[in-house]
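Quick look at what Swiss-Prot annotates:
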type     : residues                                                     : note
BINDING  : GLU32, LYS71, ASP157, ALA158, GLY159, LYS160, THR161, SER162 : ATP binding site
COMPBIAS : 442-452                                                      : compositional bias 'Polar residues'
REGION   : 1-21                                                         : region 'Disordered'
REGION   : 414-458                                                      : region 'Disordered'
Amino acid sequence: MSLPGLDLTQPSAEREFAPAPPSQITLSAGSEWRFEVAFGTTVRVKLISGTAELFGTELAPSQTYTFCGTKSAIYTWHGCELEVGAGDAISALEATGMNGAATAQGFGAGGCQSEYTAEETPMVEYANVHFALETMRQEAKATGKDGPRVLILGPEDAGKTSLSKILTAYATKIGRQPIVVNLDPAEGMLSVPGTLTATAFRTMMDIEEGWGSSPMSGPSAVPVKLPLVYFYPMQNPLEGDGSVYRSIVSRLALSVMGRMAEDEDSRETGIIVDTPGVLSQSKAGSLEMINHIVTEFSITTILVIGSERLYSTMMKNYDNKPTSSASAVASDERISVVKLSKSGGCVDRDAAFMKHVRESQIRTYFFGNPIPSTASAALSVSASSTTNVTLSPHAQQLDFNSLGLYNYNITSTEEDEDEYDPAQFGASDAFLPGGANDAEQGASQQDENPSATPLPGIVSSIESAVPSGASNVPLKKLLPPAPSALANSLLAITHVPPTATPSEIRDSSIMGFLYVADVDSEKGKIRVLAPVGGRVPPRAIVWGKRWPGEVVGLVG
């Protein structure tokens, strides 16, 4: 009982968690609204009047867009008015899959964790870069040369991917078809983490999903993209002296250049290459890796964001130097280095947030997008108020002995040395003298007896079954029993047969991914989720043990 005139009663659950009414946000010309939304909650944004864009892609008037787990900014060139409100909460299944992600709504408009209006933005600089690239494209069309090949460099969380989206969106808006290359294995572009991808963009990008979506069996309001995917199951490009990453980059560049030679629109538009921030940290081998990328993609323009030191180094090494293009001598094609300002909206994304991003990308690959989207519903034939793309992966049990499963055997100081897996120890293992490991013992035995051959039916690693010229590829074939560490990890299916050489497996593009739900080491069976039905094709499979690593909670 409360005193008269004082409302001291306990608030009900409905009253406590009732969503706040939508807020009206007015932006003046040349300003942007920056917002952060936690995983597990959604925020709806509607353009009431004026014009606005998110990373270069225009918002449709009177359409409601739903955002979840993002840090973004909506910019306006001429002024606009936005309506921001709280969206529907994600179901308990998706929320538990976030593994402890922050799901509490913030105190900003619509439940944003953080939101504010900024008057100072680098959008004018970015627009000038777009116009300069467009001038180069017009010259390429007139002279028959290749279009600009742009490399974006900068430290972590400097806005490199955001700039890539802006330049791509502006190019597609005027009918161009740029090829976008993602060289950052930490985040997937139209794919899962741990991949290097290249995609030709002819149509608009998705406001809610960033780059958009790749082909799937469900409906899509925005035209899907067709990515070329290579698997690099490590977080750092410089792992193992960078030899694996360097080889995959070369193969990806060869495919991109082949596409440009056959596609006139892509050749005139050029390419945009997004890079990982670790290459800008002055670590051993980083400058050599940048030089490898510049050479392989015949880069003509280097954009440096948020690093004076890196900009100075790039100016000394590349500015006004001839490109590696075959036509550079005849056309006097030279490299330009440009410094760009870092946006004040760039915020640090901690390890916990990036883990949620990776888990969300993997979950979306197998189960679709759980976020209800009214924008997609408005473009669909049905009259439902909200819609979400729900996919149903196919579960099946595989015989481990029938799989050609490989793993990259690269030592790392960051790897957990205390990891213990009893399934890895079999009858052939022994306690080696002096603390030597299997690799050291095997190497010493080969030195003593180079002509020694393994026993029939026993292959210790893939290197012993291939010519010596390919033995430098650190791929090792997994032998029975099935390691229990396979559970809750990804498997990448390549396009080459299981008997392919290590270099062929490393350089092969990816057909699709499997998720290992359970491992039965005693019976030699593994239970997997596949995006399509039918038998798993007899192809070489690469284990993503180290990256993206273990993904717990994807299935019950």
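Quick reminder: no glycine exception, Cβ is built from N, Cα and C everywhere.
Sequence features, as recorded in Swiss-Prot, placed on the structure.
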residue	record	CB count, 10 Å
GLU32	ATP binding site	24
LYS71	ATP binding site	19
ASP157	ATP binding site	17
ALA158	ATP binding site	22
GLY159	ATP binding site	25
LYS160	ATP binding site	27
THR161	ATP binding site	19
SER162	ATP binding site	23
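Across the residues annotated as binding ATP (GLU32, LYS71, ASP157, ALA158, GLY159, LYS160, THR161, SER162), the widest Cα-Cα separation comes to 19 Å. Look at LYS71 (ATP binding site): DSSP puts it in a strand.
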